[in-house]
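A.B. asks: My questions all concern the structure below.
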Amino acid sequence: MFSLLVVDDEPRQVKALASIIRQLKPHYQISGALDGEDALEILQNNSLDIVISDVRMPGIDGIALTGLISRMEAPPKVILLTGFDEFQFAVQALRYRAFDYLLKPIGKSELIDLLERLEATLLEERNEKQRMATIQKKLTSSLPVYEDHLLNLWIEEQANDQELEEINDRFFGSDGSGLILVSELNGMVSSGEEASVKEASSSLAMFRDMMLRQLGEFGNIHAVFQSENDSHSLVAAVSLPSKSVQNFRQLELRMDNLISEFHSETGVDVTISIGPEVERFMECAPFSYKQAKMALKQRFYAGVRKVISNALAPAFNTRFPFKEEFAFISNAMHNQDRFNLSRAVNDHIDKLKLQQCDPDLLREEWYVFMLHLAKAVRNHFHDEEFARWLAETKIRLYSCRDYFELKKVLLQFLVKIMEVEERQSKNQHQQIIDQCIRYLSNHYQEDLSLEDISQKFHFHPSYFSTIFKSVAGIGFSEYMQRVRIDRAKQLILKTDYKMADIAIKVGYRDAAYFTKIFKKETGTSPYKYKRIHAQNSNAYEASFSNEKL
């Protein structure tokens, strides 16, 4: 919809032209004015698209009105109505950027054509205005991103001379002293899920605002920007009021208060490291940044929710001591000893903490050890499952923010390996004991001992005894005894062998010992067992014969 104003000192002309335009363009919003003063008042109070004005009017005529309209911030399009003998006035009006003119008397076709051209021009201008507004919005929203990128180039020493000049103009102006703070928000996920990304972004923005407030009350903030290398980190470039121990301590105190306040409001832990104060800040800030990043690694042992100064950060040990303790950990896993496994891992990491082992080196050495352990259970997984498990484990290992979290990740991995090995071992033991039982079923009559069977299946007798009982549910000797007595029962009932012969056939060389064992298993002697079953059998046959009769 377009809005249009008809201006003429003749009321009949205003009414007639407005009526014609309504017929041609029913969607137009049309109003009228009887002189230039009325028209200006309407234009000052309303946003209009088109003004159609007569040239000759008392007071402010059409030419003067056009000139005044041209100076407005968002001027409407002006059409002048002129007679043939007033054409020179129309030419003058065009100099004031009037859109066009119409010669009286106005023809309907000319009016339609002019209005169509007006609409096309207005729509084009609206679209262009909207496009420019969109571009401006994008520029406004992308400006912080661009500035953050510039600052990342600067702090990582990757900016060229032109970019450094732009950074200096935007953020510094003068090149005095300053220092870098690196803040890392801990415990925020990076899963890529939309909700998680929004939550992390919101937390960073909130922390940034709180940091700006704390620093703004104390020092000169040049910039606070997000690190492109770590989406959970913010970098702040700050100049203190003056270079003094007191001001530095005040900065530490403010950052400590910031950490507590932010955790209280969000539950998110933050660690802040402070690099050394340097002269020629624009040039030397990358050095302060590197020192702050090195100090931030102390969080691994010092814990989160800390302010760590580079001056207080000891150098890490670049050797990996206690590597031989991997053997103790492997031994605990082999023995399925979770208690000693947990103790060995905790003791090992605690010793590395005391030695201030470099956290990156610690992760690397442990990852190599974990890969070695994983090979033992490789066949338990499908290829994709195994690769995914190792990839996820590596991400979790290298994402550990402190050594407490590292202990949990390591123990979870080791326990999983142990559980897989336990299942594998049980499956292997089951197969071996199944073979053993089949062998015993065919060789029970032989003089077999635990040592004989253990040797046959390549096990130590003590270990074989343990796995036999865990799989079969009873000890080896007890199982052998049951197999032999069960076979003896069959021979007693189905053959006329002497008891001494039956004893030999089921693996007992001593008939008296056989009788003793048989009675222990069945509660009766072999002779009585045969007699009782014979009596029961005769009674059953007699009963069956009577039924047939």
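Placement of Cβ uses the backbone N, Cα and C atoms for every residue, glycine included.
Automated prediction, rather than curation, is the source of TrEMBL annotations.
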A.B. asks: Please identify the range among 108-135, 136-163, 332-359 that TrEMBL labels coiled coil.
C.D. replies: 108-135
A.B. asks: Helix, strand, coil residue numbers for the domain 'Response regulatory' (3-119) per DSSP?
C.D. replies: 57 helix, 25 strand, 35 coil
A.B. asks: Roughly where does the coiled coil (108-135) sit in mean pLDDT, to the nearest integer?
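C.D. replies: Computed over the coiled coil (108-135), the mean pLDDT is 86 on the 0 to 100 scale.
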